[in-house]
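Okay, structure first, notes after.
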Amino acid sequence: MEKSTGSQIASDRLNSATAAKPYNTFTQHQKRLLIVLLGFATITSPLTATIYFPLLPLLRESFHTTSQAINLTITIYIVFQAISPAIFGPLSDSMGRRSACLQTLSLYVAANLGLALNKNHYGALVGLRAIQSLGASAAYAISFGVVADVCVSSERGRMPGPVSMALNLGACVGPVVGGWVAFSSGSFEWIFWALVITGGLLLILVGTFLPETARPLVGNGDGRAALPWWNWTWLKLVTGALGRYADNDSLGATKEDERRSVPPKKLKKSWVGNPFACLRIIFHLDAFFVLWMHASFYVVDYSLVAAVPDIYKQIYRFNELQIGLTYLPRGVGIIIGGYCIGKVMDYNYKATARRINWEIDSISGDNLKDFPIEQARARGSGWLLLVSTLGLIGYGWAVHFHVHVSVLLILQFMQGFWGTTFYTVYSTLLVDVFPESPSTAAAATSITRCAMAATGVAILQPLLDAAGRGWYFTVLGLWSGSFGAVAVWCIKNKGMGWRMRRLNKRLTVESAPIATEEVLPTPSKPG
């Protein structure tokens with residue numbers, strides 16, 4: 001009897017272990033390596049965009065054209081910043097993260113090589129800038145797809161923090177590097193050669209170490225060994241060719257995984273992607289206000305970055321190198337903010353779970369259908385909005401009254417800190433509420449923020465001329481703060497209901513029987 005009881009206990013434990021299938025098969029070490037790879041890949045778009053600004057006078061002189069014509073290349077870059085994620089985000093959800101990342105990095109390297117070799121052909125400059133943006137700008141959407149693939153919702157804060165930190169840090173490092181090159185060499189070619197080297201190094205690192213993580217293709221990672229050889233990491237290909245491939249690839253498929261397989265139909269179906277899927281996300285109410293929070297603070301950040309050169313040039317008489325260095329305090333704020341917000345997000349998730357007596361499943365991941373993820377992510381956003389609004393208004397009037405430059409640098413540090421917290425929180429929330437297509441959801445954020453940022457930059461100078469810097473930043477702060485408060489209220493109080501209504505509607509459509517035409521017998525001809 002005791003033996004039978006012991007066997008039953010062992011059987012129950014085995015069934016329990018089988019039922020609790022892990023959300024992913026990645027170790028913490030492998031996740032840290034993924035963070036490094038994604039951070040480096042994500043930095044390309046903002047770095048490439050902002051490193052270009054100090055080169056504008058040199059480009060105008062080299063290509064013998066007008067300021068308006070050179071500014072068109074900036075507009076082209078912003079346009080393709082929105083187009084690229086719309087194409088490669090949904091494709092990475094369907095045909096895989098690794099493949100999409102390698103394709104975009106290859107485009108990026110080729111475009112930078114062309115820009116480095118192009119000396120005076122303006123048409124080539126415009127076209128290559130479009131390809132450069134197309135290759136650089138999808139990394140953000142792909143990276144957030146990888147985050148959703150490998151992180152359960154309760155631990156999702158620790159990974160997007162560094163990714164968002166890298167995304168925003170590129171906008172700070174770019175002007176410093178570009179200003180130093182413009183000041184020291186008087187030539188723009190070195191910048192593009194540096195980007196060729198950067199892109200080539202990233203291509204090698206991603207190709208060698210980044211495994212496929214897309215859950216439609218590999219599930220929780222068990223299906224990686226069943227992928228065709230062209231989806232293997234280059235390290236696995238090389239070690240396999242040398243006969244040393246034994247138990248694992250660069251980030252983890254084991255021999256046990258090889259006994260599992262991905263259904264061929266699923267793999268075949270996954271090669272179909274809809275580049276316009278991200279546009280539909282924008283018009284869902286539960287997504288709209290999340291996108292507003294992310295995009296509105298991107299407008300604030302981009303407007304501040306665009307206004308900095310004239311402020312320090314006209315008021316404080318800084319040269320190009322000194323202007324570039326003024327972006328560093330904001331960069332430090334971004335680094336610290338990106339580190340802190342990841343831990344705060346995980347803490348807020350646990351605090352919300354305790355409040356509603358929710359038991360967190362850190363193995364298989366929580367089913368967020370009945371969990372108020374909107375309240376967990378937006379927790380504390382009201383205080384952040386208040387501090388950010390006051391800081392922005394203070395910055396405008398500090399510039400207006402020509403206060404000591406240290407005050408401006410401190411306020412830029414604060415804006416970098418608060419800005420990266422908003423980006424990270426609401427990007428992660430959008431991935432949480434669209435878990436089946438995380439890269440598509442991240443692409444929606446890219447489209448929204450680029451469209452709003454392009455509008456904000458377009459009206460920047462007319463508003464500055466009409467109202468002055470003090471009132472301009474006051475209006476900008478009140479605009480972001482007041483509309484942000486409305487958005488946060490809607491997210492916390494209405495977001496879950498809107499999400500449930502959207503999911504129920506989708507389930508109703510998917511479960512509806514497919515109508516088929518009844519085949520009627522063909523009447524026979526009279527004999």
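Heads up, residue numbers simply count up from 1 along the chain you see.
Backbone N, Cα and C define each Cβ position, glycine as well.
TrEMBL: automatically predicted annotations, no manual curation.
Look at TrEMBL and you will find 34-495 tagged as domain 'Major facilitator superfamily (MFS) profile'.
Per TrEMBL, the feature transmembrane segment maps to 33-56 (among others).
Residues or ranges marked as transmembrane segment by TrEMBL: 68-88 (among others). Within the chain carrying the transmembrane segment (68-88), a Cβ under 8 angstroms from the stretch's Cβ atoms is held by residues 45, 48-49, 52, 56, 59-60, 100, 103-104, 122, 125-126, 129-130, 132-138, 140-142, 275-276, 278-279, 439, 442-443, 446-447, 450-451, 453-454, 457, all 6 or more beyond its ends.
Among the features that TrEMBL reports, transmembrane segment is placed at 100-118 (among others). Residues 41, 44, 48, 84, 88, 91-92, 124-125, 128-129, 131-132, 134-136, 138-139, 142, 189, 192-193, 195-196, 199-200, 202-203, 206-207, 210, 439 of the same chain, all 6+ positions outside the transmembrane segment (100-118), place their C-beta atoms under 8 angstroms from a C-beta of that stretch.
According to TrEMBL, the feature transmembrane segment maps to 130-152 (among others).
Per TrEMBL, the feature transmembrane segment maps to 164-184 (among others).
Marked as transmembrane segment by TrEMBL: 190-210 (among others).
Here the transmembrane segment (276-295) has Cβ contacts under 8 Å with residues 85-86, 89-90, 374, 381, 422-423, 425-427, 429-430, 433-434, 437, 440-441, 443-445, 447-449, 451-453, 483-484, 487-488, 490-491, 494-496, 498-499, 502 of the same chain, all six or more residues outside its ends. What TrEMBL records for 276-295 (among others) is transmembrane segment.
With a threshold of 8 Å between CB atoms, the same-chain residues lying at least 6 positions outside the transmembrane segment (327-345) that come near it are 156-162, 164-166, 168-169, 171-173, 175-176, 305, 308, 377, 380, 409-410, 412-421, 424-425, 428. Look at TrEMBL and you will find 327-345 (among others) tagged as transmembrane segment.
Residues or ranges marked as transmembrane segment by TrEMBL: 383-403 (among others).
Annotation comment: TrEMBL describes 409-434 (among others) as transmembrane segment.
Per TrEMBL, the feature transmembrane segment maps to 446-464 (among others).
Under the heading transmembrane segment, TrEMBL lists 470-491 (among others). Long-range contacts of the transmembrane segment (470-491) within its own chain (CB-CB distance under 8 A, at least 6 residues past either end) are made by residues 289-290, 292-293, 296-297, 299-300, 303, 374, 378, 381-382, 385-386, 388-393, 395-397, 399-401, 429, 463-464.
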Could you check whether the transmembrane segment (409-434) packs against the transmembrane segment (130-152) - three or more CB pairs closer than 8 Å, residues at least 6 apart in sequence?
yes
Among 33-56, 190-210, 383-403, which stretch has the most Cβ pairs under 8 Å to the transmembrane segment (130-152)?
33-56
Which sequence positions outside the transmembrane segment (33-56), separated from its termini by at least 6 residues, show Cβ-Cβ distances below 8 Å to it?
26, 67, 70-71, 73-74, 77-78, 81, 101, 105, 108, 132-133, 136-137, 139-140, 142-143, 146-147, 150, 159, 162-163, 165-175, 177-179, 181-183, 188, 191, 195, 198-199, 202, 205-206, 209-210, 213, 251, 305, 309, 320, 323-324
